[in-house]
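Structure first, commentary second.
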Amino acid sequence: MAAQSGGVTTLPGEDVGRVPPALRGLLPVLIAVPVLALAEVLLGSSPFATYLLSVVGVNIILAVSLNIVNGMTGQFSIGHAGFMAVGAYIAGVTSLELKEVALSFLPVAASDQVLFTVALLAGGTCAALCGFLVGLPSLRLRGDYLAIVTLGFGEIIRVVVQNTEAFGRALGLSGIPQYSSVAMVYFWVFLTVLVARRIAGSSHGRSLWAIREDEVAAEAMGVDTTGYKVRAFVISSFFAGIAGGLFAHFVPIINPGSFTFVKSMEVVVMVVLGGLGSSTGAIVAAIFLTLLPEGLRSLFGALGAEGSLAQKVDQIRMPVYGILLVVLMLARPQGLFGTKELWDVLPRWLPRKKKGLS
């Protein structure tokens, strides 16, 4: 709901006060980049550390992009892994098919970066197109239709790639050039967070918040509810496709098992845990839930359970997520941050801008 801050009415995406407006959209990245750089230094240059940091970045992109739909707009999509799969397979096939073409007229170093960028944008664009085709009919209606349609879309994509020779069928697509780096992943994290924050504080974002609070009232006030919802869904799908493209270029093989309903629910849990409508909440939850399985493996290993529980972390991960959600719903139904951002819950020593006459 709208809140009063120093006599000024604000919506969840445009809190006034502690942090200058010019820095609000960049604050999550300004905090995260040095932390992640320090983590990379401490972890060393081991392949596993690089892989883990890349997975964290991909999950941040997925969570922040889904938050645009599920958080800001108040809709409920549970098929985000389907759009990730579209981006991953299209980007992977593009890289494989155009590699020789790029090498024929560009130096090796330049061809890799150009081809990687083209592949990512191709994957993101195809995912956005799928988002438009899925969202246009389903978002005209109110209720849970989007959840049903996105659930079906995710399963359809998984079955299609599992039975398509060009995508490697059930065995998956291998041989994709390993173009992704931690720096490239977090460059796209930066862009995703920046776009999400700019949307939240813009007139477009205010329309999305209005739709979330009361769609009937928003429509009565002249807001094109269908248009705004579809645009938000397309943007969200685009970044899910980008996340898939990044993922495809740092893993040895992509297969349908990487994009199941379980993956979609993981992203939903990240958004709900962080707080529906909070970009920084989605970031914190994505980092926590991505590192949680590794923390459990280390804990079980330290307790001498290396041969049993430590090898079954992936099987018990979803029950652990479920327990976390139940506890969260009982203790803090709005999530860790609610609709607030990190700068709204920072210590009181941060100066607050005073409004009114001096």
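Any Cβ shown, glycine's included, is placed from N, Cα and C.
Features reported for this protein in TrEMBL:
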| type | residues | note |
| --- | --- | --- |
| TRANSMEM | 25-43 | transmembrane segment |
| TRANSMEM | 49-69 | transmembrane segment |
| TRANSMEM | 76-94 | transmembrane segment |
| TRANSMEM | 114-136 | transmembrane segment |
| TRANSMEM | 176-196 | transmembrane segment |
| TRANSMEM | 232-255 | transmembrane segment |
| TRANSMEM | 267-292 | transmembrane segment |
Stretch with greatest number of CB pairs under 8 Å, the transmembrane segment (76-94) reference, 49-69, 114-136, 176-196, 232-255, 267-292 candidates: 232-255
Interface check, the transmembrane segment (232-255) with the transmembrane segment (267-292), three or more C-beta pairs under 8 A: no
